[in-house]
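Q: Pasting the relevant annotations from TrEMBL:
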TRANSMEM  20-40  transmembrane segment
DOMAIN    27-477  domain 'Major facilitator superfamily (MFS) profile'
TRANSMEM  81-100  transmembrane segment
TRANSMEM  112-131  transmembrane segment
TRANSMEM  137-158  transmembrane segment
TRANSMEM  170-191  transmembrane segment
TRANSMEM  197-220  transmembrane segment
TRANSMEM  284-308  transmembrane segment
TRANSMEM  320-342  transmembrane segment
TRANSMEM  349-372  transmembrane segment
TRANSMEM  384-405  transmembrane segment
TRANSMEM  426-443  transmembrane segment
TRANSMEM  455-474  transmembrane segment
Amino acid sequence: MAVGGFSGVDGPVGSFSGKITLSVVITCIVAASSGLIFGYDIGISGGVTTMQPFLQKFFPSVLRKAAEAKTNIYCIYDSQVLTSFTSSLYIAGLAASLVASRLTATIGRRNTMVFGGLTFLAGAAINGGAANVAMLILGRILLGFGVGFTNQATPVYLSEVAPPKWRGAFNTGFQFFIGIGVVAANCINFGTAKRSWGWRLSLGLAVVPAAIMTIGALLISDTPSSLIQRGKVEQARHALRKVRGKDCDVEPELSELKKASDVAKEANQEPFVTIFERQYRPHLVMSIAIPFFQQLTGINIIAFYAPVLFQSVGFGSDSALIAAIILGLVNLASILVSAGIVDRFGRRFLFIEGGIQMFVCQVGVAVVLAVTTGVSGTKEISKGYAILVLVLMCIYASGFGWSWGPLSWLIPSEIFPIKIRPTGQSISVAVNFATTFVLSQTFLTMLCHFKYGTFLFYAAWNALMTIFVALFLPETKAIPLDSMNSVWEKHWYWRRFVCGN
């Protein structure tokens, strides 16, 4: 037995229909489009913060520092006020994600996604018309609430609707739409960068992905698990028949869902108390560790600040935005690779391979920057070496795109029993936002003081998280959600917590 795995990974997949129907494909695509708003925001923030008219209006001190800081390429954009514009969203998202567990249990997964989309839409409108920093921050907070609700509800929705055998591929759709949002935002930034009002268009156009996902969510039904949890058995039967196919006997699966729901109701415990019980220790550890490690790959920080980063290492303003678009496209393509192989090779293989790939690239970037810009960062990097940095970053992004990107949303959404699934996902999203807030608030300062060592910092975390996965994450591919406990019972370490409970 592999150290971190378990025997019989295929599990009881034959218990229910694993058939892919047109309805389940359309439903999952529409639900996954919720990722658009998160991706758009990640992509738009970094580009807007390099636009001179935007900086002149809201953060003129950054432009003054840029004029004075030519001696150190790493410190030009080090501004706590500027980073607060980016990171304020994540504090709001953290708060929203914790509230969202009760919301999804009360009004359902789909309705939570709709509510999140409407909140994000309001924030986008305020940001597009912002007249001062206060309006900017208010808009960011509303965007954060919207992203918090949708990031909590959507991965759970996808895992509950998808056939067990193909759950990984369908759940990857959420990360794919995040990637589309990032690329779309970078392209819009490139088109608007030269205009004095371009930043307003970039921020205001966030209403488009918000409208797309909100309207889409209104057109799909809630998950059978959520409907049963709220006592709507007949609607659950109809929803299950719709996604599994009209000629499919859905009664066995419906019976299992009802049984799981009844057990949860009989327990009648506060989910935030239940999740801390000993038998759920492995679930809790993963719901905290996986999103925490995902952010410490450094990917979102690089996505936020890609234009700033590439400008810092020698690209011009336009070239920096093009480089950010290239990085986004590479990430997008690699997510498609993940969708094709995650249910064939499993989660562990992709986590470990991606972790090694990212580690090597982060070390490579650090070495190139150390050699070309000097220890102090005062030397100017040549165009050739700047392109080498971009190539290494693209290889790094592809490693993330088929591993820690999609799988960090998949694992927490599939490992919990129904009674604590919304709570577990809420904790996971909250940890994601909290870690992102700290890192986004400190990255530019870290870049200024650590210089190329920033990339060695993230490389060390990539090494640590790869070892963690190899030792402690069991394989979950093809296991029905209601049979997931078996993976913990067979794991070399976690079985001491779950066996006998």
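Placement of Cβ uses the backbone N, Cα and C atoms for every residue, glycine included.
TrEMBL entries are annotated by machine, without manual review.
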Q: Check for me, if you would, whether the transmembrane segment (349-372) reaches the transmembrane segment (170-191) - at least 3 Cβ pairs under 8 Å, residues 6 or more apart in sequence.
A: no
Q: If we skip the immediate neighbours and take only residues 6+ beyond the ends of the transmembrane segment (426-443), which ones have a Cβ under 8 Å from one of its Cβ atoms?
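A: Hits for the transmembrane segment (426-443): 80, 83-84, 86-87, 90-91, 93-94, 97-98, 100-101, 144, 148, 151-152, 275, 284, 287-288, 290-292, 294-296, 298, 300-301, 304-305, 408, 412-413, 454.
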Q: Do the transmembrane segment (197-220) and the transmembrane segment (455-474) come close, with at least three CB pairs under 8 A (pairs 6 or more apart in sequence)?
A: no
Q: Using Cβ distances below 8 Å and needing 3 or more such pairs, separated by at least 6 in sequence, tell me whether the transmembrane segment (112-131) contacts the transmembrane segment (20-40).
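A: Yes, the stretches contact each other.
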Q: Hey, which bits of the same chain come close to the transmembrane segment (20-40), Cβ under 8 Å, at least six residues off its ends?
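A: For the transmembrane segment (20-40), the far contacts come to 110, 113, 116-117, 120, 143, 146-147, 150-151, 153-154, 157-158, 161-163, 166, 170, 173-185, 206, 209-210, 212-213, 216-217, 219-221, 242-245.
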Q: Can you find at least 3 Cβ pairs under 8 Å between the transmembrane segment (170-191) and the transmembrane segment (384-405), where each pair is 6 or more residues apart in sequence?
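A: Per Cβ check, the transmembrane segment (170-191) touches the transmembrane segment (384-405).
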